[in-house]
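Some notes on the structure that comes next.
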């Protein structure tokens, strides 16, 4: 007896069900963690690409590091040490942390197989970053030891593995791995060889510039570029930005809200409220710019946007330090004039207020000026940002000596709250990634 042929529609439906079932099983295996998966470059046009749970876990190590960097700078200022030396240490510590995070971001945008070996490599880099964070509060030797650990995991388990398993990108992965090893040897020489402070600082600057510029040069000299997902990169940078904003909230909380043995303090409430408003305005300005669309439409700007974010993140870290200092300068005996502070024998607190004000003003100015430069905004638009930055500097110079900390922060809110509605209005009328004139 001949079997009755099945209708084509039924065959198609069953085929789709089997395909969907196999796809769901594949996703389940991926979430559970396969032991090994071939490391192949992902599609840079992949739809709905988001950061993975592993990447979010990796970023949590930055929370520890940013807290250490910010508090180290604040304690240096509180102790009355030389400001230039403290600022230099702050710059180097933040660079060490940011540069430890950067390679993982770009590699995971190209390769994210999420198998056991990939997770082990990421875990080793996380342990290295934690050693770097701990060394910020203790000594440079531990920072270097952490760098060795994370760079070895990155080079061997990531770059050389990708070179072995991804033949089309083998040569460029080998170059990245070799350059990373050479830079690591340079860091070893900078740390191991005896030298004075000036020589060590100059060597740090030279090797640091080589470290951050080497990947871009490798890409420039290679015929086949490493693919990256523009929206995924944008999300990863925005996640770092959110973490730095979180450090600002933590700074305000530690220095005002959680101040021990203190009754209800109106000045502390003014300080914390104004700080949150400032932070929220900065957050709003940043996320008005869809960097993912910018990188998608103008991939040649990838290095400008990528490296330029260091300035954005650095200014936000300085802003967090300034808020911490401002909160420490807030107490129950808040006074209005400079003369009354001196009569109260609060000279050290007065210095802290002045320093905190300048740290906040400079950080806000750098942040406001960096965003339009990164996106290539028109010169007239940049001039408006320069005006807002000048208002911050004038506030630090002429308003600080005559008001309390809480009032000072509210004065800082005026320029940016006046500027934000204008940017929102102009952004809605024109291309979203150009702050218009």
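Using the three backbone atoms N, Cα and C, a Cβ is placed for every residue, glycine included.
Because TrEMBL annotations are produced automatically, they should be read as predictions rather than curated entries.
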Checklist entry - Looking at 17-38, 39-60, 61-82, 83-104, which one is transmembrane segment according to TrEMBL? => result 83-104
Checklist outcome for this item: Ranges in play 143-160, 161-178, 179-196, with TrEMBL marking transmembrane segment at 143-160
Next on the checklist: Under TrEMBL, the annotation transmembrane segment belongs to which of these stretches: 269-287, 288-306?
Outcome noted: 269-287
